[in-house]
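> Before anything else, here's the structure in question.
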Ligand code: EPU
């Protein structure tokens, strides 16, 4: 266990704050020991995965536990399907690349998402027409109330858009240890209906894409507009895309005729990036913080020296602008600590 260490290397925003205590765990036993230590010493705990969806706004006065459990396991289900289980500390993108190398289908649209496997169920990560709920079978967790291992099935996870039981009723109660996915070995379900993928494949003159082609297309799209956290600190989309009632959307359409929206029954999902851009934030920098010049929904630590508070205040200013212009309240997607 280390004392007073900077968590800058452990969050993709690159915010420099200190944790009073820090430990990296590689096994369930080490994790239990760390949790018991925190209980014995009345320390608050914070679990760190890939640090790609977190904003630290102040020093952390407890025990930060970095989850580094590693390993990937495979079990045949039938001729066409395989159950692949990865431990929480596996890097998400490396895991996706591993499955594609073996020609297992299902995760290709989720290529290049930052973070680790263990945090993927938290917010039901999704991109380009796929969410993990589409291939998720179960996850094993450590229940912090009794230190027992438990399994959550797809139904029990209550997955929604960037949402799960682990962010709601179960918040702070479970540490995800491993996640199992059902992938295809052949007869892959190629998903190219998301506009940008189609265009990207057409540009490369690919008419019958493989899962590897879809992955490459997704990687190209992401690299063309999303900043690489290794170069410029960020946590991907900072806000969720808001869902508003159809009547409110129709009202807005009268005033803003180009407003994009994806209707679903009597509600409409509106791209937050568009709303933020319309308020003049795209590419705008205040101090060390900016809204990304190619994707307004992504807030970036431009200079590398931004404090968490600066980033948080910047996000508050965006929320106020969007509220004032459109009457829509944006909700942060990133966890604020
Ligand atoms: N748009 C703008 N201006 C912008 C950004 C976007 O007008 O600055 C418009 C685009 O023109 C487009 C629409 O907004 O019509 C949607 O944009 P995009 O395809 O980039 O997707 P998004 O809704 O902004 C979501 C996810 C991303 C995911 C992409 C692709 C959320 C909060 N974000 O972004 O996820 O990669 O779709 O599926 O749902 C993440 O969660 O960190 C993340 C990057």
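Cβ from N, Cα, C; glycine included.
When I checked TrEMBL for this same protein, it listed these features:
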type	residues	note
DOMAIN	15-186	domain 'FAD-binding PCMH-type'
ACT_SITE	162	active site
ACT_SITE	237	active site, proton donor
ACT_SITE	333	active site
> Under a criterion of Cβ-Cβ distance under 8 Å and sequence separation of at least 6, what residues of the same chain contact residue 162 (active site)?
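Non-local contacts for residue 162 (active site): 123, 124, 126, 240, 333.
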> Tally every other Cβ atom lying within 10 Å of the Cβ atom of residue 333 (active site).
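Its Cβ has 18 other Cβ atoms within 10 Å.
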